[in-house]
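S.K.: Handing you a structure now.
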Amino acid sequence: MRRRSIFLTGFMGVGKTTIGRILAESLNIEFIDLDEYITAKEKKEIKDIFLENGEAAFRGMEAEAAAEWTGRDAVVATGGGIIESPEAVKSMKEKGYVIYLQASFPILYERIKGDKTRPLTAVGKEALEERFTQRITLYEKADIVLNTENKTPEQVVNDIKTSLADKRKT
Ligand code: S3P
């Protein structure tokens, strides 16, 4: 089957949802935010899922949601930790393209510090940076890696479309 869905990955605060919405609109396909999808499906906020079910359970929910959305004509903004689930990565790549949106930790930290809706920000700056560093090699397994620094969301969308067009030729 031809790969269809476009999964945006990257650390919290990189702009997956903002960029995803613009990309979906310009491609005239559906947009889905996987965190919102899971919240609606589980009828529970992400922070409460972490609190009551735990992070491992949340990763399982992400993998399930990724399997549901792969192979569809959709842009999917994923949660920043989805790449920690090998099952989710397998599903995404099977029938979709995985795009890693990059930015450096200091830029991301300024955007996410103090955000109470993101349970992982509560661990403090150092622990969060460690998470970020540990994830880099997982993020870099994406089909396409794009730096977002000093670019508007529209510029990133153009970069994604160009890279996808190149990929689809190969
Ligand atoms: C997480 C990122 C969040 C959300 C959850 C866990 C992570 O999504 O899925 O709080 O592990 O990095 P965003 O990247 O959209 O903030």
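Note: Cβ is positioned from N, Cα and C throughout, glycine not excepted.
A TrEMBL annotation is a machine prediction, not a hand-curated record.
Just lifted these from TrEMBL, have a look:
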type    : residues                                         : note
BINDING : GLY13, VAL14, GLY15, LYS16, THR17, THR18, ARG118 : ATP binding site
BINDING : THR17                                            : Mg(2+) binding site
BINDING : ASP35, ARG59, GLY80, ARG135                      : substrate binding site
S.K.: Within 10 Å of its Cβ, which one of these binding-site residues (GLY13, GLY80) has the largest number of other Cβ atoms?
M.R.: GLY80
S.K.: As a test of the contact definition, list every same-chain residue at least 6 positions from THR17 (ATP binding site) whose Cβ is closer than 8 Å to its Cβ.
M.R.: ASP33, ALA77
S.K.: GLY15, THR18, ASP35, GLY80, ARG118: which of these binding-site residues put a Cβ within less than 6 Å of any ligand 1 atom?
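M.R.: List returned for ligand 1: ASP35, GLY80, ARG118.
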S.K.: Round to the nearest Å and give the CA-to-CA distance linking ARG135 (substrate binding site) with VAL14 (ATP binding site).
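M.R.: Counting only the Cα atoms, the answer is 14 Å.
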S.K.: Compute the centroid of the Cβ atoms of GLY13, VAL14, GLY15, LYS16, THR17, THR18, ARG118, then list the same-chain residues not in that set whose Cβ lies within 8 Å of it, in sequence order, for the ATP site.
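M.R.: Surrounding the site, in chain order, are GLY10, MET12, ILE19, ALA77, GLY80, LEU101, ARG111.
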S.K.: How far is it from LYS16 (ATP binding site) to GLY80 (substrate binding site), counting Cα to Cα, in Å?
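M.R.: One finds 9 Å between the Cα atoms of these residues.
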S.K.: When you measure from the Cβ of ARG118 (ATP binding site), which residues in the chain that are at least 6 apart have a Cβ under 8 Å away?
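M.R.: Counting only residues 6 or more apart in sequence, the Cβ neighbours of ARG118 (ATP binding site) under 8 Å are MET12, ILE46, LYS47, ILE112.
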S.K.: So among the binding-site residues LYS16, ARG59, ARG135, who's got the most Cβ atoms within 10 Å?
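M.R.: Per the Cβ count, the most surrounded site is LYS16.
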S.K.: If you measure GLY80 (substrate binding site) to GLY13 (ATP binding site) at Cα, how many Å is it?
M.R.: 9
S.K.: Can you see whether DSSP assigns LYS16 (ATP binding site) to helix, strand or coil?
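M.R.: In the DSSP reduction, LYS16 (ATP binding site) maps to helix.
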